[in-house]
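Worksheet for the structure shown next.
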Amino acid sequence: MARLLVVSVGVFLAVIMLSSETMSLPAGENLPALTLFEAQNQLIGLSQEQRQCKKIGEHCYVADECCSKRCLFYAAKCVS
């Protein structure tokens, strides 16, 4: 589900980037340029802490959160 969301957001951003090339901006207006990664994080709302994997023993909800890719669901902890 999360990967589908990331792919969907990536496609959405690609369409926006392509359409922005054809749009004209008002003269003299300086807009901050964002990398695709920054724009994606702003849309999804991810912070630096959420992007880093969790170590063994740390709290988790799904396996993708753990560095080991294993989350013991009933204890809600990353395991080896």
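We count from 1, first residue shown onward.
Glycine is no exception: its Cβ is also placed from the backbone N, Cα and C atoms.
Looking at the candidates C67, C71, Swiss-Prot gives C67 as the cysteine bonded to C53 by a disulfide. Long-range C-beta contacts of C78 (disulfide bond), restricted to its own chain and to partners at least six residues apart, with a cutoff below 8 Å, comprise K54, K55, I56, G57, E58, C60, E65, C66, C67, S68, R70, C71, L72. In this structure, C53 is the one among the disulfide-bonded residues C53, C66, C71 with the smallest number of other Cβ atoms inside 10 Å of its Cβ.
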